[in-house]
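Annotated features in TrEMBL:
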type	residues	note
TRANSMEM	A:6-23	transmembrane segment
TRANSMEM	A:44-64	transmembrane segment
TRANSMEM	A:123-145	transmembrane segment
TRANSMEM	A:157-176	transmembrane segment
TRANSMEM	A:188-208	transmembrane segment
TRANSMEM	A:238-261	transmembrane segment
TRANSMEM	A:273-300	transmembrane segment
TRANSMEM	A:320-349	transmembrane segment
TRANSMEM	A:369-386	transmembrane segment
TRANSMEM	A:392-417	transmembrane segment
TRANSMEM	A:424-443	transmembrane segment
TRANSMEM	A:449-469	transmembrane segment
Amino acid sequence: MNMSVIWPLVVFLVIIFLVGVYASRHVQSSSSFIQEYFLGSRELGGFILAMTMAATYGSASSFLSGPGAAYNYGLSWVLLAMSQVATGYFVLMILGKKFAIMARKYQAVTLVDFLFARYKNEFVVVLAALSIIIFLFSAMAAQWIGGARLVESLTGLSYTTALILFASSVLVYVVIGGFRAVAITDMVQGLVMVAGTVVLFIAALKAGGGMENIMRTLGAENPNLLSPYGNDRSLTPLYLSSFWILVGIGVVGLPQVAVRAMSYKNAKAMHRALIIGTVVVGVIMLGMHLIGVMARAIIPGVTVGDKVMPELAMTIMPDWLAGIVLAAPMAAIMSTVDSLLLLVSSAVVKDLYLHFINKKAEEKQVKKLSFIVTAVIGVIVFIVALQPPDLIIWLNLFSFGGLEAVFIWPVVLGLYWQRANGTGAASAMIMGMISYILLSTFYPNAFGMHTVVLPILLSLITFVAVSLFTGRSKWKQA
Amino acid sequence: MKKEKQEDSRFIIAKKEAWIGILLVIFNFIWWYGFAYGLGSGPVEKYRFIFGLPAWFFYSCIVGLIVMILLVVFTVTFFFKEVPFDEEGENR
């Protein structure tokens with residue numbers, strides 16, 4: 001393997017590491033450890049907020065499997081991917097100022113804190129913390145496997161060595177630096193993602209002899225690649241539209257994204273983040289997926305979807321530039337797993353330990369515990385990723401849509417519907433999760449829509465019905 | 001404005017902004033769907049091309065993204081209000 005591909009990756013890792021060290025100083029000097037470690041003391045500015053939301057959301061799928069699918073389906077898959085532009089503004093506008101104000105009022109550090117303060121229901125806490133731990137743990141394991149495979153294919157190292165390299169670099173900065181390290185590295189990673197997208201797009205355009213030429217080649221191979229129906233005309237308008245629920249609107253319910261909506265400094269930061277976030281998500285999603293389609297004309301015959309992007313970069317670019325561009329998927333994976341790692345750790349420390357086991361733990365004790373728990377979770381994920389059990393793979397399939405179905409209504413209705421109560425929230429969470437798992441197992445893509453649509457609807461109906469039946473909520477307006 | 005018993009004025013603003021988010025996403029969806037299937041449902045041989053891309057794709061995805069960015073900039077600049085977030089915010 002050529003060293004000049006590897007150098008940019010090494011430089012990238014060193015920068016990330018330095019950020020961790022920088023952030024750990026804040027962790028040591030902060031007046032409230034918990035607030036700093038799990039939420040960066042609510043000090044994020046607009047730019048970092050936008051980048052960390054976009055980077056946390058954009059994962060291996062945006063850079064590897066997404067473009068791979070676009071390679072196979074054609075422009076229709078880019079159309080599908082564009083439903084994600086909504087996440088750039090929708091999440092922050094919906095949760096918005098109300099969530100930021102309420103989270104401060106409750107002094108909530110985690111999403112679960114918020115839910116507890118709102119519903120005063122222990123059952124909601126247990127359900128929420130467990131779904132975060134179980135599903136995000138599996139999602140994290142899946143992303144680590146993706147990260148290690150990527151390092152493996154770029155460097156030629158063995159899978160185990162690649163995994164050690166990947167895991168240790170993520171672990172170090174998350175454990176010592178907490179949320180601030182995660183957010184700042186997310187910003188660096190987000191910039192790498194945008195830059196990588198733009199550079200690769202220009203290079204692909206040149207290598208393919210211009211867009212007209214590329215589209216003509218694709219049209220000659222199979223005209224359906226240029227249609228909004230997919231290469232085999234199997235993608236219906238209804239099916240594509242249902243992705244607006246999964247990757248657009250439903251993202252409001254993803255804990256790793258929602259928790260960021262309570263981490264920013266002030267309204268100005270939120271306003272800037274809305275604009276920057278929309279631009280960043282739009283550029284990455286449009287760029288990467290369109291590149292996937294263009295790749296079909298430039299390097300035909302790739303059979304493994306995840307390899308389209310790396311192969312394209314290595315074919316059409318000088319090695320050193322390919323190294324920089326390929327830091328982008330790496331960055332995407334890292335910026336997702338670091339957030340998940342911290343979130344799972346906060347669920348264990350803050351939502352379970354501090355909430356149920358030891359309410360009056362001392363600051364020093366909490367600090368030690370947080371470092372240890374974060375590190376231990378990291379090590380467990382590492383062991384799991386060495387030889388992933390089927391259970392993890394199975395759980396990961398549900399993590400994205402499942403978490404949306406669990407959390408979206410308890411969060412949104414908790415904010416905007418005064419009569420929402422704890423019993424309603426708990427039953428909605430159970431309904432969302434169970435119906436999602438059952439439907440995806442026995443009746444996937446019901447009525448031609450993505451599986452997530454029905455559970456979100458069922459969860460809403462359950463929530464409203466149960467809340468109304470069990471009478472007035474204990475919600476007190478302060 | 002001092003302590004109010006009914007609704008915090010900041011929440012009225014927040015609610016309005018959430019509605020703007022919903023309207024934007026509906027508009028975004030209609031634009032996306034309308035151009036993609038309005039222009040793209042015919043046979044591929046009859047497609048018009050703009051900058052090398054099929055017209056449906058150009059309008060739905062590329063112009064659509066630009067329009068959404070401009071709309072977000074516009075709404076944030078003209079409709080979003082800055083409010084303090086902390087408890088005593090209203091008194092400051």
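Placement of Cβ uses the backbone N, Cα and C atoms for every residue, glycine included.
Note on the transmembrane segment (A:44-64): residues 84, 87-88, 91-92, 143, 146-147, 150, 182-184, 186-187, 189-191, 193, 251, 254, 256-257, 260-261, 263-265, 268-277, 280-281, 284-285, 288, 305-306, 308-310, 328-329, 331-333, 335-336, 339 of its chain, located 6 or more positions outside it, place their CB under 8 angstroms from a CB of the stretch. Relative to the transmembrane segment (A:273-300), the listed stretch A:188-208 leads the set A:6-23, A:188-208, A:238-261, A:424-443, A:449-469 in CB pairs under 8 A. Tertiary proximity for the transmembrane segment (A:424-443) is limited to same-chain residues at least six positions away from its ends with a CB under 8 Å from its CB atoms, namely 115, 119, 121, 123-124, 127-128, 131, 397-398, 401-402, 404-410, 413-414, 451-452, 454-456, 458-460, 462-468, 470. At the 8 Å Cβ cutoff, the transmembrane segment (A:123-145) and the transmembrane segment (A:392-417) share at least 3 close pairs (sequence separation 6 or more) and count as touching. By number of Cβ pairs under 8 Å, the transmembrane segment (A:238-261) is matched best by A:449-469 from the list A:157-176, A:188-208, A:449-469. Counting only same-chain residues 6+ beyond the ends of the transmembrane segment (A:6-23), those with a CB under 8 A from a CB of the stretch are 154-155, 169, 172-174, 176-178, 180-181, 184-185, 188-189, 192, 320, 323-324, 326-327, 330-331, 334.
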